[in-house]
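**Q** Feature annotation from TrEMBL assigns signal peptide to 1-16. Residues or ranges marked as transmembrane segment by TrEMBL: 26-44, 65-84, 196-221. What TrEMBL lists as domain 'Ion transport' is 160-226.
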Amino acid sequence: LRTATYFFIFLNLSLALFEEPAVYPLPFLVTSLVEVLCLLVFFGRLTHFAKVTLRSVFWKDTKNICIMVAILLSLTDLAIYGILRIYNVRSIRWSRIVRPIFLINFAESRQVRKRCPGFGQPAASSGPGDSAWFLWWDVWSLCLTLDCPLPPRNLQTAEGLPYFKNYLEIVFDLYVLVTTANSPDVMMPAFDFSSWYALFFIAFVIVNTYIFMSLFLAVVYNNYKKHLKVTLGGADCD
(Lines of atoms letter the chains of each structure in order from A and count residues from 1; the text may use other names and numbers.)
(Lines give C-alpha, C1' and ligand atoms only; values in the text may rest on other atoms or scores of the structure.)
Protein backbone atom coordinates (compact mmCIF):
# COMPACT_ATOMS: atom_id res chain seq x y z
CA LEU A 1 0.00 0.00 0.00
CA ARG A 2 2.84 2.38 0.76
CA THR A 3 4.46 1.76 -2.63
CA ALA A 4 1.13 2.17 -4.41
CA THR A 5 0.44 5.41 -2.55
CA TYR A 6 3.82 6.84 -3.51
CA PHE A 7 3.34 5.79 -7.13
CA PHE A 8 -0.05 7.45 -7.51
CA ILE A 9 1.14 10.59 -5.71
CA PHE A 10 4.01 10.80 -8.19
CA LEU A 11 1.61 10.14 -11.08
CA ASN A 12 -0.78 12.84 -9.87
CA LEU A 13 2.00 15.41 -9.57
CA SER A 14 3.37 14.43 -12.98
CA LEU A 15 0.11 15.38 -14.69
CA ALA A 16 1.26 19.01 -14.72
CA LEU A 17 3.81 18.02 -17.39
CA PHE A 18 1.09 16.90 -19.80
CA GLU A 19 -1.84 19.22 -19.09
CA GLU A 20 -2.38 22.45 -20.98
CA PRO A 21 -0.39 24.65 -21.41
CA ALA A 22 2.27 21.93 -21.63
CA VAL A 23 4.60 21.77 -24.60
CA TYR A 24 3.39 18.27 -25.48
CA PRO A 25 -0.07 18.09 -23.89
CA LEU A 26 -2.02 14.87 -23.78
CA PRO A 27 -5.75 14.84 -24.62
CA PHE A 28 -7.93 16.16 -21.82
CA LEU A 29 -9.78 12.85 -21.58
CA VAL A 30 -6.52 10.99 -20.87
CA THR A 31 -5.28 13.35 -18.16
CA SER A 32 -8.71 13.60 -16.55
CA LEU A 33 -9.09 9.81 -16.38
CA VAL A 34 -5.63 9.46 -14.85
CA GLU A 35 -6.45 12.14 -12.28
CA VAL A 36 -9.76 10.50 -11.39
CA LEU A 37 -7.93 7.18 -10.96
CA CYS A 38 -5.40 8.82 -8.62
CA LEU A 39 -8.16 10.46 -6.60
CA LEU A 40 -9.98 7.15 -6.29
CA VAL A 41 -6.80 5.51 -5.01
CA PHE A 42 -6.32 8.34 -2.50
CA PHE A 43 -9.91 8.01 -1.34
CA GLY A 44 -9.54 4.24 -1.04
CA ARG A 45 -6.34 4.64 1.00
CA LEU A 46 -8.09 7.13 3.26
CA THR A 47 -11.08 4.78 3.66
CA HIS A 48 -8.77 1.90 4.52
CA PHE A 49 -7.04 4.06 7.13
CA ALA A 50 -10.44 5.01 8.60
CA LYS A 51 -11.37 1.33 8.96
CA VAL A 52 -8.40 0.63 11.22
CA THR A 53 -8.62 3.87 13.23
CA LEU A 54 -11.06 4.95 15.88
CA ARG A 55 -13.65 7.30 14.44
CA SER A 56 -12.98 9.98 17.03
CA VAL A 57 -9.25 9.84 16.30
CA PHE A 58 -9.73 9.82 12.53
CA TRP A 59 -11.89 12.96 12.43
CA LYS A 60 -9.64 14.86 14.82
CA ASP A 61 -6.63 14.36 12.56
CA THR A 62 -6.24 17.46 10.38
CA LYS A 63 -4.21 15.46 7.84
CA ASN A 64 -7.24 13.35 6.98
CA ILE A 65 -9.44 16.43 6.68
CA CYS A 66 -6.90 18.07 4.34
CA ILE A 67 -6.84 15.00 2.09
CA MET A 68 -10.63 14.85 1.90
CA VAL A 69 -10.91 18.56 1.11
CA ALA A 70 -8.18 18.24 -1.54
CA ILE A 71 -10.04 15.35 -3.20
CA LEU A 72 -13.32 17.28 -3.25
CA LEU A 73 -11.66 20.42 -4.63
CA SER A 74 -9.88 18.46 -7.33
CA LEU A 75 -13.06 16.67 -8.44
CA THR A 76 -15.06 19.91 -8.41
CA ASP A 77 -12.44 21.76 -10.43
CA LEU A 78 -12.14 18.88 -12.89
CA ALA A 79 -15.92 18.81 -13.43
CA ILE A 80 -16.15 22.59 -13.88
CA TYR A 81 -13.20 22.62 -16.27
CA GLY A 82 -14.70 19.77 -18.31
CA ILE A 83 -18.11 21.46 -18.58
CA LEU A 84 -16.57 24.78 -19.63
CA ARG A 85 -14.44 22.96 -22.16
CA ILE A 86 -17.55 21.46 -23.76
CA TYR A 87 -18.89 24.99 -24.30
CA ASN A 88 -15.49 26.21 -25.58
CA VAL A 89 -14.97 28.48 -22.58
CA ARG A 90 -11.32 28.89 -21.70
CA SER A 91 -10.46 28.38 -18.02
CA ILE A 92 -7.61 27.25 -15.79
CA ARG A 93 -7.14 24.30 -13.45
CA TRP A 94 -6.86 26.13 -10.14
CA SER A 95 -6.86 22.88 -8.14
CA ARG A 96 -3.32 22.03 -9.24
CA ILE A 97 -1.99 23.94 -6.25
CA VAL A 98 -3.61 21.43 -3.85
CA ARG A 99 -1.86 18.38 -5.33
CA PRO A 100 1.19 18.64 -3.02
CA ILE A 101 -1.24 18.17 -0.12
CA PHE A 102 -1.38 14.47 -0.98
CA LEU A 103 2.40 14.25 -0.78
CA ILE A 104 2.51 15.84 2.68
CA ASN A 105 -0.55 14.58 4.54
CA PHE A 106 -0.63 10.82 4.00
CA ALA A 107 0.57 8.70 6.91
CA GLU A 108 3.42 7.38 4.76
CA SER A 109 4.84 10.93 4.39
CA ARG A 110 5.88 11.40 8.01
CA GLN A 111 9.46 12.29 7.07
CA VAL A 112 8.24 14.88 4.55
CA ARG A 113 6.10 16.56 7.22
CA LYS A 114 9.01 16.61 9.64
CA ARG A 115 11.17 18.45 7.11
CA CYS A 116 8.59 21.03 6.02
CA PRO A 117 9.12 23.35 9.04
CA GLY A 118 12.84 23.06 8.43
CA PHE A 119 12.38 24.79 5.07
CA GLY A 120 9.76 27.32 6.11
CA GLN A 121 11.48 28.77 9.17
CA PRO A 122 14.83 29.56 7.48
CA ALA A 123 12.99 31.23 4.61
CA ALA A 124 10.92 33.29 7.04
CA SER A 125 14.02 34.38 8.98
CA SER A 126 15.53 35.76 5.76
CA GLY A 127 12.62 38.20 5.38
CA PRO A 128 14.64 41.44 5.82
CA GLY A 129 17.07 40.40 3.10
CA ASP A 130 14.19 39.45 0.80
CA SER A 131 12.54 42.81 1.37
CA ALA A 132 15.73 44.65 0.47
CA TRP A 133 16.07 42.57 -2.69
CA PHE A 134 12.48 43.25 -3.75
CA LEU A 135 12.89 46.98 -3.15
CA TRP A 136 16.04 46.98 -5.26
CA TRP A 137 14.14 45.01 -7.87
CA ASP A 138 11.42 47.71 -7.90
CA VAL A 139 14.08 50.33 -8.56
CA TRP A 140 15.10 48.53 -11.75
CA SER A 141 11.46 48.26 -12.80
CA LEU A 142 10.89 51.97 -12.18
CA CYS A 143 13.90 52.75 -14.33
CA LEU A 144 12.12 51.25 -17.31
CA THR A 145 8.79 52.80 -16.31
CA LEU A 146 9.83 56.39 -15.52
CA ASP A 147 13.45 57.27 -16.07
CA CYS A 148 14.16 55.27 -19.22
CA PRO A 149 10.82 54.80 -21.03
CA LEU A 150 10.91 53.36 -24.47
CA PRO A 151 9.94 56.26 -26.79
CA PRO A 152 7.96 54.15 -29.30
CA ARG A 153 5.30 52.67 -27.01
CA ASN A 154 4.06 50.34 -29.76
CA LEU A 155 6.98 47.90 -29.51
CA GLN A 156 5.97 44.25 -29.54
CA THR A 157 7.54 40.94 -28.64
CA ALA A 158 8.31 38.22 -31.19
CA GLU A 159 4.84 36.79 -30.50
CA GLY A 160 3.20 40.14 -31.29
CA LEU A 161 2.32 40.91 -27.66
CA PRO A 162 2.64 44.41 -26.12
CA TYR A 163 6.09 45.08 -24.76
CA PHE A 164 6.68 46.83 -21.40
CA LYS A 165 3.31 48.63 -21.42
CA ASN A 166 2.86 49.05 -17.66
CA TYR A 167 4.68 48.73 -14.36
CA LEU A 168 3.26 45.34 -13.32
CA GLU A 169 4.21 43.81 -16.65
CA ILE A 170 7.74 45.14 -16.30
CA VAL A 171 8.03 43.76 -12.75
CA PHE A 172 6.90 40.32 -13.89
CA ASP A 173 9.19 40.24 -16.93
CA LEU A 174 12.18 41.25 -14.81
CA TYR A 175 11.19 38.63 -12.24
CA VAL A 176 11.37 35.97 -14.94
CA LEU A 177 14.63 37.47 -16.19
CA VAL A 178 16.20 36.81 -12.77
CA THR A 179 15.88 33.11 -13.61
CA THR A 180 17.11 33.84 -17.19
CA ALA A 181 14.10 31.84 -18.47
CA ASN A 182 13.11 34.62 -20.88
CA SER A 183 16.63 35.69 -21.81
CA PRO A 184 17.39 37.09 -24.33
CA ASP A 185 13.84 37.29 -25.73
CA VAL A 186 12.70 39.89 -23.18
CA MET A 187 15.44 42.33 -24.14
CA MET A 188 15.37 41.97 -27.93
CA PRO A 189 12.61 44.53 -28.73
CA ALA A 190 14.43 47.18 -26.69
CA PHE A 191 17.80 46.15 -28.13
CA ASP A 192 16.43 46.39 -31.67
CA PHE A 193 15.35 49.95 -30.94
CA SER A 194 18.65 50.95 -29.29
CA SER A 195 21.71 48.83 -28.55
CA TRP A 196 22.30 50.87 -25.38
CA TYR A 197 19.52 48.95 -23.67
CA ALA A 198 21.87 45.94 -23.61
CA LEU A 199 23.83 47.68 -20.85
CA PHE A 200 20.71 47.90 -18.70
CA PHE A 201 19.82 44.22 -19.06
CA ILE A 202 23.41 43.02 -18.62
CA ALA A 203 23.75 45.07 -15.44
CA PHE A 204 20.39 43.77 -14.19
CA VAL A 205 21.39 40.12 -14.68
CA ILE A 206 24.81 40.62 -13.05
CA VAL A 207 23.41 42.41 -9.99
CA ASN A 208 20.21 40.44 -9.40
CA THR A 209 20.98 36.96 -10.72
CA TYR A 210 24.65 36.53 -9.87
CA ILE A 211 24.94 38.72 -6.75
CA PHE A 212 21.58 39.05 -4.96
CA MET A 213 20.39 35.55 -5.83
CA SER A 214 23.62 34.05 -4.52
CA LEU A 215 23.34 36.08 -1.31
CA PHE A 216 19.71 35.04 -0.88
CA LEU A 217 20.53 31.33 -1.29
CA ALA A 218 23.50 31.64 1.08
CA VAL A 219 21.34 33.23 3.79
CA VAL A 220 18.59 30.62 3.46
CA TYR A 221 21.12 27.76 3.49
CA ASN A 222 22.92 29.17 6.52
CA ASN A 223 19.64 29.60 8.44
CA TYR A 224 18.59 26.09 7.45
CA LYS A 225 21.82 24.64 8.88
CA LYS A 226 21.28 26.54 12.13
CA HIS A 227 17.70 25.30 12.39
CA LEU A 228 18.76 21.74 11.61
CA LYS A 229 21.44 21.82 14.31
CA VAL A 230 18.84 22.92 16.85
CA THR A 231 16.43 20.22 15.66
CA LEU A 232 19.07 17.48 15.85
CA GLY A 233 20.39 18.63 19.20
CA GLY A 234 23.63 20.27 18.06
CA ALA A 235 24.79 17.52 15.72
CA ASP A 236 27.06 18.34 12.81
CA CYS A 237 24.82 19.14 9.80
CA ASP A 238 27.51 19.77 7.20
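Every residue gets a Cβ built from N, Cα and C, even glycine.
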**Q** Would you mind listing the long-range same-chain contacts of the transmembrane segment (26-44), meaning Cβ under 8 Å and 6+ residues beyond its ends?
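**A** Contacts with the transmembrane segment (26-44): 4-5, 8-9, 11-12, 15, 18-20, 67, 71, 74-75, 78, 82, 85, 102, 106.
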**Q** What mean pLDDT does the predicted model reach across the domain 'Ion transport' (160-226)?
**A** 82
